[in-house]
């Protein structure tokens, strides 16, 4: 059995004291390919940000196995498309983990960049300014950057948005290639058919995990129904989750949430979505 | 021709000093201006220029019209405002434009108050508009140090600065340099404005930073040539401004900035990415 690559311990992530991901427990195995599925507002992107470390947990922890590098492709990129850069400059940013601030780009680095561009079908685009790319071409370029990053853990947040069928096919092929290279891949996706067809594992989120495990099991109709009925709104009158600050592990509803990986689905306690206490 | 273009710089020491000082200023300030513009912080430069005033004024109040105390004062005031505004925007919900405006307005009012405590409007004019024709050795040394330091820092942090402009979230996902590089950059802005205010004054020193950068944007779509071009435009503005001011007996600071302004206006119209080339001329297009 392979080791855990990412471990969530009672992980709660959110914004201004309202949880968006509530008490997530479990782990992602090294070399696994997991789809993260859920309605809008169910905490998928928040979970991604929490794993990368862009968002600090409100409680609990998310640990990355030591020495594992993460590549992250956000849903709403803060990419400034008006910045005067070429495709090759954008993709070369992926060399950062290897070369850092001052390391010189070697001949191999430049080859890695041009191989990555070839792999995403953007050969000949090296010199194109990024503001002339279409949405799909930009997404390919960003995938090329992930390729160049050569990371052990790859997080893709809704990479198939506004992308045509051919490009989706190409991107899926890349994801499978990463999976084949024993990298750990997590992908936020909405297309359940796509998930069923290509992803062995699925995490179904509705602010807390509804089901998590093999895709066929996770995406059963009753789970999907439960995931759809979650409460998306913030309630300012919701009671505090921890009675005393600092009592991170001693909250009252351990019985609801301390599920190990895989045994979540079918649990009757999850029907009403996030109850704060 | 020689009499018009070269003789003033050969014959007069003050013209040589003015030229050396302003060229060195352009060398550091123009690339900084390019990044200010690309980060959509063009007006931040302006705000910072105002923010420097109370520090310079405090130096002036304590030591009179002397370069070193006024520079140090300006530096302190600029750093406080830059750090304060930057910290508010990075760690609270408020955006940088609002926090910067708040901090610089406080700073400017304080500066005017301090200047008015002692001194006449002539002194205020010195601080606001500078005296490029009266640069002494101290001032030249200071400007040289500042522009050297600026170029070195830009060279070291170039990759991080580009990444922070192009895709800040990506930089945050691979490195912790994002926030430090932002503050280092704001520091460079302050440093170059302080360096410029001896020569051009607090109000106009930002002109040598922003105008050549804004003009260069109309000519190229890559960062490195843009910085080089901005310096080229800056240098031309310095030479042209000093000559015009010499021959027509005009104040030199405004003459330099107006020259840069003329280059900017010409670039809007005639640049390769300017109005004529992108809007008015009908382009033939290729089949693919």
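From the backbone N, Cα and C atoms, a Cβ is placed for every residue, glycine too.
All TrEMBL annotations are machine predictions without curation.
Going by TrEMBL, these are the annotated features:
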type	residues	note
TRANSMEM	B:18-38	transmembrane segment
TRANSMEM	B:47-65	transmembrane segment
TRANSMEM	B:71-89	transmembrane segment
TRANSMEM	B:101-119	transmembrane segment
TRANSMEM	B:139-162	transmembrane segment
TRANSMEM	B:174-194	transmembrane segment
TRANSMEM	B:200-219	transmembrane segment
TRANSMEM	B:226-249	transmembrane segment
TRANSMEM	B:255-276	transmembrane segment
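Stretch with the largest number of CB pairs closer than 8 A to the transmembrane segment (B:226-249), among B:47-65, B:101-119, B:174-194, B:200-219, B:255-276: B:255-276.
In this chain, the transmembrane segment (B:255-276) does not touch the transmembrane segment (B:139-162); fewer than three CB pairs sit within less than 8 A of each other, excluding pairs fewer than 6 residues apart. Spatially, the transmembrane segment (B:174-194) is adjacent to the transmembrane segment (B:18-38); three or more Cβ-Cβ distances between them are under 8 Å for residues at least 6 apart in sequence. Taking every recorded stretch in B:18-38, B:47-65, B:101-119 and counting its Cβ pairs under 8 Å to the transmembrane segment (B:71-89), the highest total belongs to B:47-65.
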